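Notes to accompany the following structure.
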Amino acid sequence: MRVFLLFLLLVVCVNAGLFDNFGEKIKNALSKIKTTLNKSNLIKIREKIHALKNKIVAKLTLTPEQKAALAKRLKELVTIKKDHVSPKGDSIEEVNAKSHIGDLLYQSDMVLTQDQADELVAEEEGRPKRQAFRDRRYPQTLWSSGVAYFFHPNATPEVKSVFKKGAAWWSKDTCIDFYESAQGTKVVKLCVLCAPREDNVSAKDRIRVFKEDGCWSYVGRLGNQQDLSLGSGCESIGTAAHEIGHALGMFHTHSRHDRDSFITLNTQNIKPDWLDQFKKETTATNDNYGITYDYGSIMHYGAQSATVNKKPTMVPHDTNYIETLGSPFISFYELLMMNKHYGCLDKCKSTPNQCKMGGFPHPRDCSKCICPRGYGGRFCDQKSNDENDFYDIDGLTSPIKNHQFLPSAR
């Protein structure tokens, strides 16, 4: 009888989460961070996703054929020499892991609303309601009147600089305008790459940019004020552009429904508590506008993300592209996707499309084309040199260049 009671007590304790390593990890994370985010909501959402772990892990299990293909690729793989430059971390995932905020967020850097979390759960349980890019609130999630933002007093000059340059990267080759808004009643003082203007009414929907623990953002326009953090270790233009990508409505590239045709997850190398974070979308919920998977996407994490042993967790099917994952540059296909998502290409409907090699009309000047890597000229009909393929680091004033950062065998 006593043995039975002890067994019953053990069951109750386990069900109550008293011996749950994940729960303890979350509690430890909460005790180490200071955040303006609602911690109670973060826990509920994180636990809701974690509760699906067994289902998600089952879907991540490789078939014998996939295991054989992965083993072959691993033999071909050139060892990645990863030098650690910053003590805060050299990637968003590393920075957020060190600051402990990553344990509380979806895929390390996304703050989900309750509705978004419910939709993720419904999707995993076979009750899809959303699309990764075009959810059920679309187009209300778009910043159709431009993105108003303001800086919290704790935002350092470096944070302000990288945010503005990251915004300029997105703005100059799309139709999306960014306006700096005052904290008080006056709005819209500065416009990135558009005509300056000043309104006498407050911007109801705007982003508060500040320096808190970690690098993170909400996904899409929520309505009213929403936050975007560029904490210590996040002060780079690439990181700012990545988080702005989330604020504009983008999820991670490596969660696309078709990722298994391009990368293989090596689950043996993934931290156990991170397996559920590699959840992928489904064909019923993921709309990529017919655009191919992009290894060079700024919204794609690096090959060693969430690694438990410093070995790759994501292996591209062509191993030449292993170091392309985790690019700090916005890619051509991302620009095309963002332009389609925001209806920017409609601005050039009345202009004949003369763009070659898969390029598309520039929404700010329909007589020009935005070109894929390796091509330039007004109509993408000229070969370009690699040194012209990247952004001017100044971002704000550089002319339009062929800056695609796509996978290429070197």
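Backbone N, Cα and C atoms are what each Cβ position is placed from, and that goes for glycine too.
Any TrEMBL annotation is an automated prediction that lacks curation.
Taken verbatim from TrEMBL:
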| type | residues | note |
| --- | --- | --- |
| ACT_SITE | GLU243 | active site |
| BINDING | HIS242, HIS246, HIS252 | Zn(2+) binding site |
| DOMAIN | 131-349 | domain 'Peptidase M12A' |
| SIGNAL | 1-16 | signal peptide |
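Taking the centre of the Cβ atoms of HIS242, HIS246, HIS252 as the Zn(2+) site, the nearby residues of that chain (Cβ within 8 Å, site residues left out) are ILE92, ASP109, MET110, SER217, GLU243, GLY245, MET250, PHE251, ILE298, MET299. If you draw a 10 Å sphere around the CB of the residue listed as 'active site', it holds 25 other CB atoms from the protein chains shown. Neighbour counts of Cβ atoms within 10 Å were compared across the binding-site residues HIS242, HIS246, HIS252; the minimum falls on HIS246. Reduced to three states, the DSSP call for HIS252 (Zn(2+) binding site) is coil. Averaged across the domain 'Peptidase M12A' (131-349), pLDDT for the predicted model comes to 89. Distance noted between the C-alpha atoms of HIS252 (Zn(2+) binding site) and the residue listed as 'active site' is 11 Å.
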